[in-house]
Amino acid sequence: MAAPHRNHGALPEGAGLHGPAGGLGGRGPHRTHSPPGGGCQRAPARRPQGPGISSYASDPAQAGESLQGCLEEALVLIPEAQRRKTPTFLGATAGMRLLRQKNSSQARDIFAAVTQVLGRSPVDFWGAELLAGQDEGAFGWITVNYGLGMLVKYSFTGEWIRPPEETLVGALDMGGASTQITFVPGGPILDKSTQADFRLYGSDYSVYTHSYLCFGRDQMLSRLLIGLVQSHPAALLRHPCYLSGYRTTLALAPLYESPCVDTTPPLGLPQNLTVEGTGNPGACVSAIQELFNFSACQGQEDCAFDGVYQPPVRGQFYAFSNFYYTFHFLNLTSGQPLSTANATIWEFCQRSWKLVEASYPGQDRWLRDYCASGLYILTLLRDGYGFSEETWPTIQFRKQADGIDIGWTLGYMLNLTRMIPAEAPAQWRAQSHSIWVATVVFLVLTLVTVLGAAVVQLFWVQD
């Protein structure tokens, strides 16, 4: 797979902006000044809020209107005289990929609605597209390494040089509906469908990348709950990943509407299911492991799970999005060893709901699922991707890379606008400083439509 490189022609000069319009993977719009090789300065990311466009499947017109708030926020950062010259792009990811599987006509209607709204906005709207999972992973990798200055450096001798390959950083991304792993392996990539090739600053790169649809945080939580229902069909479900003392009632039928679910509800269950937590991390891990097909790899070293080819992990990694949000809450972003991370999560899972709820007021929306999310991340990274006690320290849980918010959005923008040239920038040294500072004016409305968005009305049951 080669990461797409689109050419939209010459872009106007100015300060760049990019900002997602919502969804659990979204961030607010930010001003960006981008000299060659990195160095963007932007406002910090905030925890994603609100639904994404795939949650409006039953009312596509509202999907377009839902962008207004983000668009208005972004326009504040653009001088009025520049707005009509500001290229605007819309990209959608896993949530919309799931919706397209479930109902392609609804997905088309949503794209039509958002295209109409952005088309009449005071910007230069250049189009919308649905990204493939491999593109998501590749663009995230570009963002990380661009931000860290790993693609090109200015040497003490006054030349642009390519840093050593072993300094490149892998990318671990987790949205609501999918999760991606991207890195440069130590040898040839044997399965070419997992290879992304691109040329940046005069250097060729081949990275391994794979996107696991249905293994994002929210899809995992939904599949985990359904797995427990299937194995213990009763009106009262005891959930080992919910904290002891937690209790809720859920409608049964909507749990089975996701394209990631290939089973039907057990016969004889009531329409509403009562779920109570038991806070049993051992049983929780066992239930989470049922979501993976580890036996499909049959002991192969170059296989992750579900029979998917993966070379052994190599080098440093940045883990972001839901990887970061979960471990940040658990206070595990300071380089703690794997054994400490495991012990911390197990200890949290055994706390009472009453105590945790009192300790974190106003966070009820997330609290219930931190136990399951933490244990899922451990299972995915250790048993799935193959990180060990020895290689665990190579993972850094981050939301920024040298001040740049990490995600696929910046890499997507850089690709669309060709802000990272294919050839080396040695000839730029003699040019004026204004060329370094003056960059394109653009607005990327990236719609990270992960399952957390879709589940609001399609795949998820609110308490």
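Each residue, glycine too, has its Cβ placed from N, Cα and C.
Feature list (source: TrEMBL):
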| type | residues | note |
| --- | --- | --- |
| REGION | 1-61 | region 'Disordered' |
| COMPBIAS | 16-27 | compositional bias 'Gly residues' |
| BINDING | Gly176, Ala177, Ser178, Thr179, Gln180 | ATP binding site |
| TRANSMEM | 435-461 | transmembrane segment |
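Following the DSSP three-state reduction, the secondary structure of Gly176 (ATP binding site) is coil. Counting Cβ atoms from all protein chains shown, Gly176 (ATP binding site) has 34 others lying within 10 Å of its own Cβ. Counting every protein chain shown, the Cβ of Ala177 (ATP binding site) has 41 other Cβ atoms within 10 Å. When Cβ atoms from all protein chains are considered, those within 10 Å of Ser178 (ATP binding site) total 26, not counting its own.
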